[in-house]
């Protein structure tokens, strides 16, 4: 480690888990994305202001009805192997992504493109996908419905182009190691310090074929996979690492004063879902109780979010809406979550009143509720522990039974509605509120609590369909109304907006963090 | 002997078949699917299951798997998308084996020397110290020792690189951490064997013949104590060579142990199956080889 060139020191970057794949159609985990997103690129790339700026595209023209996108590629685009990068590479890649045989977990992000959903579910052929190459540098895209955030989607890996020649050559092996992949991004892999599919030390190098190579400031960036966060922090202090994530409460608290301590706000919200389906709760009483708005409101008011964050989730911030802060902007440039903020406050007195009122309505004097959380995720367990005590203290007659299960079990139970209260988490895919607010429309499969609010449904529908979908100011209003409906009905209980505390060498300049999509954009990053 | 070996090989195959079958069906009891994205709707999950053949009836999946297994096809990983499991194991197993071998050699050699010294000065100061060390080695898990070594030799004294794999110096701390347990076991074993043999008649005879103390101890007592150690080292070696999960995690080593553990909560079926098979085969082969070696070294053992 610590290799140096004569004039410039390489950034020593660490990630906590192995890279799983470089195949941009099928990679699923954040850290594979963080590597792939720096060696590959799409039509757009999110810039420092959070806008979807043009990347491989020279221009993207949108028709008045918002349904047709005409894309012109930059001139003379090339892959790292010298192949020309053309419109066909997009047509090929997008079809590969929606092909059910490919088995891409992120294929659903292509749902905005006309025909995609039917192809994904095997109902129609690949030819019906709404993309057509007009020439080597131009293609048109037809959408299923107007999608104001489509330019953000275009920056996602499933939308990246692929060099068919190379994919055909390696078949299923494409992207399983760095020598079985071809690159079009700011960086690329070489045979020296390559990624073999399993190794934990590898490097990326500035790509000489990249169209914007003058903006790439590092010649080489070294990656290390360090699964033990304590080791990462120690290597940072020894000067052997320039970037490492802090993943445990203890480590975060111990490093708040360390030079370079930085908190990256994620587009992730932790929230409690209440089982309002009328079935599968732990008891008939629990079932009745969670259908009662006073009871739910009492639970929401008894949640001391600031204290949860302090005790269990250092770095995170108390939630004030479901859509997290720092993810997307309104048409006037304001942060959406700030604009749509609700009064999720801590008020134990009012909570007690409503609790007593609710119990009386139900003819109960005491109540047992279970709270399920993922025991294999440390912050989740800590949050659940805190809430159990806080609820029992604040709400007389309440017993909270903690149910700590593996993450996959929690997911299963939530989806099948087998819970009273479950601590869930959601991360955004793109920088627009619908990536969060789509969850709770009636009958949506992520609406684990199975509640139904007409106000919410109407607001969401108005925001995402014509005519209002084409007017950004109205979209903002409708989304805000949806947030208000969630709050008024106490349908869910947003706890916190997650953050990634990290240690980052203060000499690193130009590293862009994004709360959705590519988290760490190293394109212009270098050590001063 | 040949008949015995053939019989044992037959039993080995039968055991392997049972392990494959049990593991296969036990995996199905775990919740969830191998698809890690919580955003997939039930419909989308069904489409993915179909793409990977996971929607077929269980018995069909089982026969398909066993069929492929016989042709040497262990499938591809779900987490490390499309990576052939065989390649993954081929890349990771040698790493674990190197670490295990180093720890085994270090542990056995140190253990034998410490055991010998203890036996020669039974109840002496050195015996006390070594006795204490071996109790520590047996009772303190390797990850605690690993963390302590990491803290003192790595963090505080900065003697060795604290993570990664590739250079010999990176293997030193994990080797020491892993060698504690075999060292402790061997020390105790050699000590008690030697104390026993030092008081036996043939030692008395050797001494009576006028052999030097060094010769008596090294040529007669120690050598005789090492034979039964074979039975001890066999299974221990199998355990060490198949990778230490926690040590691999602590020192960021790309071995097979860490991968095996990660594959379980992720429900990465092909990886779980193939790794289980590799583990089982290694363990059974080592036990078999140990038995055969014991018979060769000690003619009193009849197979």
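Placement of Cβ uses the backbone N, Cα and C atoms for every residue, glycine included.
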Annotated stretch (transmembrane segment, per Swiss-Prot) among the listed ranges B:129-149, B:192-212: B:129-149
Among ranges B:41-61, B:62-82, whichever one Swiss-Prot labels transmembrane segment: B:62-82
Leading contact stretch, B:9-29, B:62-82, B:93-113, B:129-149 vs the transmembrane segment (B:166-186) - CB distance under 8 Å: B:93-113
Within-chain partners of the transmembrane segment (B:93-113) [C-beta distance under 8 Å, separation at least 6 from its ends]: 134, 165, 171, 174-176, 178-187, 189-190, 222, 226, 229, 233, 236-237, 240-244, 247-248, 253-257, 278
Cβ-Cβ under 8 Å with the transmembrane segment (B:9-29): same-chain residues at least 6 beyond its ends: 58, 62, 65-66, 69, 267, 269, 272-273, 276-277, 280-281, 284-285, 288
